[in-house]
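**Q** This is the structure, below, for whatever I ask next.
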Amino acid sequence: MDLGKVGLFLSLFSLLLSARGGDIVQDDDIAPKKPGCENDFILVKVQTRVDGKEGEEFVGVGARFGAANVSKEKNVNYSRLVVANPPDCCSSPKSKLAGDVIMVRRGHCKFTTKANFAEAAGASAVLIINDQNELYKMVCEPDETDLDIRIPVVMLPQDAGMSLEKLLLNASVAVQLYSPQRPVFGIAEVFLWIMAVLTILVASYWSAWSASEAAAEHEKLLKDASDELTDASSGSIVSISTTSAVLFVVVSSCFLAVLYKLMSSWLIELLVVLFCIGGAEGLHTCLVASLSRWFKSFAESFVKVPLLGAVSYLTLVVSPFCITFAVLWGFYRDQHFGWIGQDVLGIALIITVIQIVQIPNLKVGTVLLSCAFLYDIFWVFLSKKLFHESVMIVVASGDKSGEDGVPMLLKLPRILDPWGGYSIIGFGDILLPGLLIAFSLRYDLLAKKSLRAGYFLWAIIAYGLGLFITYVALNLMDGHGQPALLYIVPFTLGTFFMLGIKRGELHVLWAMGEPGRPCPHLHLHKSEELTH
């Protein structure tokens, strides 16, 4: 197997990632709530104005206590920013504050103590600078009672505090604190939905077309009474068994756990390299298959290349483009346009895998999707009980690596969203249901079923509905990560079982995976007997 295919199949082990949105309201099941200390941990924008000109924007997190931040930018006035004296604000500030925002350092006393001293001095808000470059959730101690704090309290990371202190050395700085709400349903989710459905459509028709060609070739061999009968599937097709379906999900779980434990920048870089190899291979396969229809002579003309053997002229032209595309994406993936290359490579990889890997019957499809269903629920929800955070979401976002997360995702920038960022969907949420949907189209073509009388149309509709429900749940849960297969699997499998039972074809779908086909040899022998 060549290097490209090695990268492609290695990439498969990290495909099972869940749909996820950006979290404005931060999860916390440990920090207790009580009267005066029951706010949600909400992200807060801190917009600066330096000497009257709009400056840099920082992001902090609101405390469990204090006043809530205004959600709309136009309703918030700028207030002068001052540094606390003493810096930790563990005692009353030495100067009175006329509605200023006071910036204090973390440490030496309770968060609520700092807030009470700042409010008593006349501050309109408190920015507490963390001693690390991360956000810390500010809570109340169990024995605290002085919690009647009526000004907002926000934690900023250390690097943001250092930037603000440098600005204050040479300029007058004012800040505006607000926490805008995300749109109820973003445009990015609509386009991701369209991308996912179209990817499965293209992959399914390609897979069915390949299967039809192989079946036609097989039938021709049977009619010619060839002694060297071959299987109807191409040698490049990988048929999944129930054992391999279970092992696939088990290996994916192990791989995800390893990613979580060893999450670092070097590991992300390694996954990027593997993704580039797999993506280039997938893009090459898609382009060669598409272009060979228009440039048939180039596709069927070969030249010997050292170490590679016979290679078509079309491959010689397409391969450098695919490799260059993948390498350029690897170098520029952190740019604002990097998502385009990632989606192109990702879609090509998914389409290629669905064409190469096939589900032989409904039994294997049920085992695969059921295991993936449990996998998704465990690593998104139940892993919090063991690791105190969602392993799936940490790995998908790259929270522990300092990077943007693993590349095995389709992503789109959130348009018209005040928080920006990306909406994403994991490859597994497209690939695994896509394998079952591609199987349905192959079955329909072999059974010569019409679109309405077949299974493919209803399977793709069921997938679309399941993915739509996923995004609805994502928005209802304030953007918290959702296991997409929790909604997609019941819709797709349920559709198969209901239609199979209604049409009396469930046994054929479950065990055989294709309708019975008459053998030409049998007809030949019967004809000979009749002539005698």
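Every residue, even glycine, has its Cβ placed from backbone N, Cα and C.
TrEMBL: automatically predicted annotations, no manual curation.
Copying in the features that TrEMBL gives for the protein in this structure:
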DOMAIN    81-164  domain 'PA'
SIGNAL    1-21  signal peptide
TRANSMEM  190-216  transmembrane segment
TRANSMEM  237-260  transmembrane segment
TRANSMEM  266-295  transmembrane segment
TRANSMEM  307-331  transmembrane segment
TRANSMEM  337-357  transmembrane segment
TRANSMEM  364-382  transmembrane segment
TRANSMEM  419-441  transmembrane segment
TRANSMEM  453-472  transmembrane segment
TRANSMEM  484-501  transmembrane segment
**Q** May I ask for the residues of the chain that lie six or more residues beyond the transmembrane segment (484-501) and have a Cβ under 8 Å from a Cβ within it?
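**A** That would be 18-19, 362, 365-366, 369-370, 372-373, 375-377, 425-426, 428-429, 432-433, 436-437, 440, 455, 458-459, 461-463, 465-467, 469-470, 473, 509-510.
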**Q** For the transmembrane segment (190-216), which partner among 266-295, 364-382, 453-472 gives the most CB pairs under 8 Å?
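**A** That would be 453-472.
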**Q** When the pLDDT values for the domain 'PA' (81-164) are averaged, what is the result?
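**A** Taking every residue in the domain 'PA' (81-164) and averaging pLDDT yields 88.
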**Q** Is it true that the transmembrane segment (237-260) and the transmembrane segment (337-357) have 3 or more Cβ pairs under 8 Å, skipping pairs fewer than 6 apart in sequence?
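**A** Between the transmembrane segment (237-260) and the transmembrane segment (337-357), contact is present.
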**Q** For the transmembrane segment (266-295) and the transmembrane segment (337-357), decide whether they are in contact, meaning at least 3 CB pairs lie under 8 A, counting pairs 6 or more apart in sequence.
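**A** Answer yes: the transmembrane segment (266-295) meets the transmembrane segment (337-357) with 3 or more Cβ pairs below 8 Å.
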**Q** Okay, the transmembrane segment (364-382) and the transmembrane segment (337-357): do they have at least three CB pairs under 8 Å, pairs separated by 6 or more?
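**A** The answer is no, given that the two segments have fewer than 3 Cβ pairs within the 8 Å cut-off.
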**Q** What else in the chain is close to the transmembrane segment (419-441), if you only count residues 6 or more beyond its ends and a Cβ gap under 8 Å?
**A** 15-22, 24, 43, 180, 182, 186, 188-189, 192, 196, 199-200, 203-205, 207-208, 240, 252, 339, 346, 349-350, 353-354, 357-362, 365, 368-369, 372, 376, 396, 408-413, 454-456, 459-460, 463, 466-467, 470, 484-485, 488-489, 492-493, 496, 513
**Q** Per DSSP, what is the residue count of the domain 'PA' (81-164) in each of helix, strand and coil?
**A** 17 helix, 17 strand, 50 coil
**Q** Take the transmembrane segment (364-382) and find every residue of the same chain, 6 or more past its ends, with a Cβ under 8 Å from one of its Cβ atoms.
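**A** Cβ under 8 Å, 6 or more out: 16, 18, 240-242, 245-246, 248-249, 252-253, 256, 390-393, 428, 432-433, 435-436, 439, 481-486, 489, 492-493, 496.
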